[in-house]
Amino acid sequence: MADQTREAQLFELSNGSMLVKITNLGCTITSLSVPGKDGQLADVVLGFDTLEPYLKGAAPYFGCIVGRVANRIKDGKFTLDGIEYSLPINKPPNSLHGGHKGFDKVIWEVTDQRGGENPSITFTYLSRDGEEGYPGDVLVKATYSLPSRTTLRLDMEAVPQNKPTPINLAQHTYWNLAGHGSGAILDHIAHIWANHITPVDHNTVPTGEIMPVKGTPFDFTSEKKIGASIHEVPGLGYDHNYVLDCGEEKDGLKLAVRLREPLSSRVLNLWTNAPGMQFYTANYVNGINGKSGSVYNKHSAVCLETQGFPNAVNQPNFPSVVVRPGEEYKHSMLYEFSVE
């Protein structure tokens, strides 16, 4: 079914403790309300009140699923099985987040919806051979669910139908645990279970090196304010892939990051089965008119994008993101909210 025949709609998942609003446009989380101390609900994701700004492209990837390949592909080129592929250069000189019309800008089909105590919604999209320069048809599925009172789960699956292709999906929500309109996140406290990052060149593409974080401003191996050493990071802030190599495991997922906001006492523990996580401090957000009259500026949120390593398709020493027919890509994320 062509996506032109479907229109953007908003759906809700609610279990009495938390409320999540998601649109079939890019599987985008537009609102997520969770309790803080004293049970006070706040919407902790950046976004817009209506779907129109999303449709017009006003969002810098707020809340969406990006693909077919998240993050940057150097010079928009890669070679697979001896064939060179060229992608749109939508973030010169690189291709970013799937190209001009990535998975975040298409309308997905709702193929399953369940209510009750553990509500869920499943979105499906068929990405065609040659779409944004990528090879082969790929059937993609994303299921959001509320498995417990203050937990959101996302399960992403992708199956190449007829050609090998790189696949790397990421959930690009911008988080502010004090509430979406409460300003900079520099006082949020982060703990990232990563002893290494993949350092980048001046175009934010990994050099191929795996660098220890110890003794650098990238060290979040114990709790640290995001703002503590952000001024020592080259550029405008953090926009780096962390190598998730030391988190505890449960149910096939490993702990990637714990984010804590002292004023509201909200805590987010994020678990994933992905090898990396882009830690991005909304460096390029500048004067965006968001929900309820809020204006979002630089550092007004943090993105925790679990993923395959950026430009992995061109870096033989990075974990491969190539998926072949007969294989299946699977990526799960568990967002556990609490108060402490």
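Just so you know, glycine gets a Cβ as well, placed from its N, Cα and C.
Long-range C-beta contacts of Tyr174 (beta-D-galactose binding site), restricted to its own chain and to partners at least six residues apart, with a cutoff below 8 Å, comprise Val45, Leu46, Gly47, Phe62, Gly63, Ala282, Val285, Tyr296, Ser300, Ala301, Val302, Cys303. The feature beta-D-galactose binding site is assigned by TrEMBL to Asn71, Arg72, His172, Thr173, Tyr174, Asp239.
Under the heading active site, proton donor, TrEMBL lists His172.
Taken from TrEMBL, the feature active site, proton acceptor covers Glu305. Residues within less than 8 Å, Cβ to Cβ, of Glu305 (active site, proton acceptor) and separated from it by at least 6 positions along the same chain comprise Val66, Ala70, Asn71, Ala170, Gln171, His172, Met277, Gln278, Tyr280.
Residues near Thr173 (beta-D-galactose binding site) in space but far in sequence (CB under 8 A, at least 6 apart, same chain), listed by position: Ile29, Leu32, Val45, Leu46, Phe62, Gly63, Cys303, Leu304.
Less than 8 angstroms from the CB of Asp239 (beta-D-galactose binding site) sit Val200, Thr204, Gln278, Phe279, Tyr280, Thr281, Asn283, each of them six or more residues away in the same chain. Overall, the recorded beta-D-galactose-binding residues Asn71, Arg72, His172, Thr173, Tyr174, Asp239 cover a maximum inter-Cα distance of 18 Å.
Fewest other C-beta atoms within 10 angstroms, among the binding-site residues Arg72, His172, are seen around Arg72.
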